[in-house]
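Straight from Swiss-Prot, the features:
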type: BINDING; residues: Cys38, His63, Glu64; note: Zn(2+) 1 binding site
type: ACT_SITE; residues: Thr40; note: active site, charge relay system
type: ACT_SITE; residues: His43; note: active site, charge relay system
type: BINDING; residues: Cys93, Cys96, Cys99, Cys107; note: Zn(2+) 2 binding site
type: BINDING; residues: Ile175, Asp195, Arg200, Leu262, Gly263, Ile264, Ile286, Tyr287; note: NAD(+) binding site
Amino acid sequence: MKALSKLKAEEGIWMTDVPVPELGHNDLLIKIRKTAICGTDVHIYNWDEWSQKTIPVPMVVGHEYVGEVVGIGQEVKGFMIGDRVSGEGHITCGHCRNCRGGRTHLCRNTIGVGVNRPGCFAEYLVIPAFNAFKIPDNISDDLASIFDPFGNAVHTALSFDLVGEDVLVSGAGPIGIMAAAVAKHVGARNVVITDVNEYRLELARKMGITRAVNVAKENLNDVMAELGMTEGFDVGLEMPGAPPAFRTMLDTMNHGGRIAMLGIPPSDMSIDWTKVIFKGLFIKGIYGREMFETWYKMAALIQSGLDLSPIITHRFSIDDFQKGFDAMRSGQSGKVILSWD
């Protein structure tokens, strides 16, 4: 079968021919319809420091997808041939304390699809049936293919009660924009998103965010005054792991504010800890998606009218995958979808 693989320890992704994966007793075989390119896939393409430490070569990459069940392991129940599914990209052990205690997303033995085991940039994918999520009929393939990153956004945004709150989102990448849209959809008062990339800030404006602020051109304190905010932001969603953005967030949070951190900052990032302490801030680290509460919330949000369609900006055939990676690497894109049909 055709697959996109990391073949060499250097920049690039290559189209390859690999065997169809074998179906285990507890697995599903999925025929891939559409995949989306994640920022993680771009890191792997660029072969940065994280990729060099993490990715075994060769490796079929990718973890954002929608497809059709074409094979069912003999121990599997609850699925039928033809079911349309996406799936949780974190394969968990099932026997550690967190898994057994119902906190599966915190499994200490997590293995990543397309990172530590073969991924979805292929005609077929095998995953444990436990990880598969049936897609409702009224959700399109395009939207289903981005459920993985949408789940990061939903997990981050819904970490705290947002109704009537003022929310600051740092970083207008696709996940940041989706998180901001979720916050607005569920009842936040003001949702402000910051970045220096005007293309992506314009995407945020199309999603109905209260204010999309280019911090290279506007002062965030002036924006807060314009919105009638006198005490700071109640909730902060930190998406890019950018030290200057996080410091600005600490400066503008209200006392008792809550921050959810999805972004991964440099290990040597310095901040003014007195602001965390004297403001009584609560900081929560976010990893992946809650299994599987986040997945049900994703479907419900879309079914209740949340429109994510503007975030999908580019679509290519899998044979034009290079154009897709070029678009993602340019910074002038939202989500990029590759069709395998």
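A Cβ is built for glycine as well, from the same backbone N, Cα and C atoms used for every other residue.
Feature map: Swiss-Prot annotations on the structure.
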residue: His63; record: Zn(2+) 1 binding site; Cβ within 10 Å: 25
residue: Cys93; record: Zn(2+) 2 binding site; Cβ within 10 Å: 14
residue: Cys96; record: Zn(2+) 2 binding site; Cβ within 10 Å: 16
residue: Cys107; record: Zn(2+) 2 binding site; Cβ within 10 Å: 22
residue: Ile175; record: NAD(+) binding site; Cβ within 10 Å: 29
residue: Asp195; record: NAD(+) binding site; Cβ within 10 Å: 26
residue: Arg200; record: NAD(+) binding site; Cβ within 10 Å: 24
residue: Leu262; record: NAD(+) binding site; Cβ within 10 Å: 24
residue: Ile264; record: NAD(+) binding site; Cβ within 10 Å: 12
residue: Tyr287; record: NAD(+) binding site; Cβ within 10 Å: 14
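Every protein chain considered, the tally of other Cβ atoms within 10 Å of the Cβ of Ile286 (NAD(+) binding site) stands at 21. Ranked by Cβ neighbours within 10 A across all protein chains shown, the recorded positions Cys38, His43, Gly263 are led by Cys38. Among the binding-site residues His63, Cys99, Gly263, Ile286, the ones whose Cα sits within 10 Å of the Cα of Thr40 (active site, charge relay system) are His63.
In this view, the densest Cβ surroundings among the recorded positions Thr40, Glu64, Cys99 belong to Glu64, judged by other Cβ atoms lying within 10 Å. Considering only the recorded positions Cys38, His43, Ile264, Cys96 (Zn(2+) 2 binding site) has Ile264 as its nearest partner by CA-CA distance. Put simply, His43 (active site, charge relay system) is 17 Å from Tyr287 (NAD(+) binding site) when counted between their Cα atoms.
Those residues of the chain, other than Cys38, His63, Glu64, with a C-beta within 8 angstroms of the mean position of the Zn(2+) 1 site C-beta atoms are Thr35, Ala36, Ile37, Thr40, Asp41, Gly62, Tyr65, Gly89, Gly114, Gly119, Cys120, Asp148, Pro149. For the recorded site, Glu64 (Zn(2+) 1 binding site), the DSSP three-state label reads strand. Cβ atoms within 8 Å of the centroid of the Cβ atoms of Cys93, Cys96, Cys99, Cys107 (the Zn(2+) 2 site) belong to the same-chain residues Thr92, Gly94, His95, Arg97, Asn98, Arg100, Thr104, Arg108, Asn109, Thr110, site residues excluded. Here the CA atom of His63 (Zn(2+) 1 binding site) lies 18 Å from the CA atom of Gly263 (NAD(+) binding site).
Of the recorded residues, Ile264 (NAD(+) binding site) and His43 (active site, charge relay system) place their C-alpha atoms 13 Å from one another.
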